[in-house]
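Student: The repeat 'WD' feature in TrEMBL is assigned to 15-56, 57-88, 99-140, 141-182, 183-224, 225-266, 267-299.
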Amino acid sequence: MAAPCLEDPSLERHFKGHRDAVTCVDFSLNTKQLASGSMDSCLMIWHMKPQSRAYRFAGHKDAVTSVNFSPSGHLLASGSRDKTVRIWIPNVKGESTVFRAHTATVRSVHFCSDGQSFVTASDDKTVKVWSTHRQKFLFSLSQHINWVRCARFSPDGRLIVSASDDKTVKLWDKTTRECVHSYCEHGGFVTYVDFHPSGTCIAAAGMDNTVKVWDVRTHRLLQHYQLHSAAVNALSFHPSGNYLLTASSDSTLKILDLMEGRLLYTLHGHQGPATAVAFSRTGEYFASGGSDEQVMVWKSNFDVADYGEVIKVHRPPATLATSSGNLPLWDAEEMYGPSSRHTPTPKQTTWSTLVGVSLISRLPGQEER
């Protein structure tokens with residue numbers, strides 16, 4: 001198979017309809033719909049097909065902080081400052097079911113990969129797990145000592161990771177409901193966290209302008225990026241696991257090449273803070289939201305082949321990952337410095353890299369962590 005060429009990401013569309021800052025974005029499984037939430041208390045469902053009308057869902061009584069499509073795409077979850085979670089049927093009727101148990105703002109909502117449960121994070125300092133179809137609260141995880149901004153399931157549903165204003169990232173075992181490990185290296189509030197598609201690593205974004213990547217098996221810090229000049233508000237892994245997309249209050253989006261530990265692109269589109277980012281399920285597109293009330297859809301272009309087929313056939317299961325980790329060990333601050341604007345020229349990339357060959361290495365002279 002011929003190696004695909006890396007091309008610059010391009011802005012495909014921008015959606016206007018929110019009346020306040022956009023807080024969150026998420027694509028449906030088939031990429032036909034894009035959901036966004038806003039400080040205006042509404043959810044919008046945008047249709048990727050041109051000239052299609054958007055749906056506006058009103059039901060929350062305060063800002064919508066998080067949206068997430070179920071794995072099947074038949075349900076859409078939202079969290080709000082009104083302390084509730086809603087599960088919507090994403091069609092023209094916009095019917096929803098309300099879930100109550102949190103006692104403060106719900107910051108984050110995320111479905112498990114089987115769609116049977118979802119996890120929420122809240123300013124009440126708890127992470128809660130819920131049954132989707134029984135429509136009930138199941139249990140709480142309660143070791144954070146400040147607001148919890150984000151919680152996500154691992155791809156296999158066995159682990160949960162959470163990020164908090166107590167400056168920690170915590171890894172939880174869903175079955176035992178115990179905290180497996182606390183990562184305490186952030187110098188400020190931790191705004192967002194997510195699992196690498198392989199399930200072997202996590203990436204966390206912070207108010208200290210950094211992004212850190214840890215191995216969840218060894219708990220070792222694998223990568224550290226200090227490339228933004230303001231808080232990093234959100235991040236999203238490309239489905240291949242080779243790229244990481246970040247959104248920052250410095251108004252930029254950045255795309256990082258995780259296999260080479262370098263900055264690939266800095267994207268300027270939003271006026272004011274960029275608050276939300278998400279890759280589509282195939283990685284062909286990504287969306288961003290900002291305090292400028294806009295939702296933007298970008299074409300990735302750095303994978304010009306049909307990536308959905310590639311990852312379906314070639315993505316190695318987590319059990320094939322090497323014991324030493326499946327990402328290189330890099331420190332981007334050492335390479336570029338904290339305020340660098342350097343954007344390396346995109347390179348030719350081979351399929352052996354794109355399909356996730358395990359690799360662990362250090363920069364010449366870099367100390368073992």
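Each residue, glycine too, has its Cβ placed from N, Cα and C.
The structure displayed is predicted, hence computed values, not measured ones.
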Student: Which range wins on Cβ pairs under 8 Å with the repeat 'WD' (267-299): 15-56, 99-140, 141-182?
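Tutor: Stretch with maximum Cβ contacts: 15-56.
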Student: Sort out the residues at least 6 away from either end of the repeat 'WD' (57-88), same chain, that have Cβ-Cβ distances under 8 Å to it, and list them.
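Tutor: Contacts with the repeat 'WD' (57-88): 20, 23-30, 33, 35-45, 94-100, 102-111, 113-115, 118, 120, 122, 130, 132, 135.
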Student: Pull the DSSP breakdown for the repeat 'WD' (57-88) and write it out as helix, strand, coil residue counts.
Tutor: 0 helix, 18 strand, 14 coil
Student: Can you check how the pLDDT averages out over the repeat 'WD' (267-299)?
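Tutor: Taking every residue of the repeat 'WD' (267-299) together, the mean pLDDT is 97.
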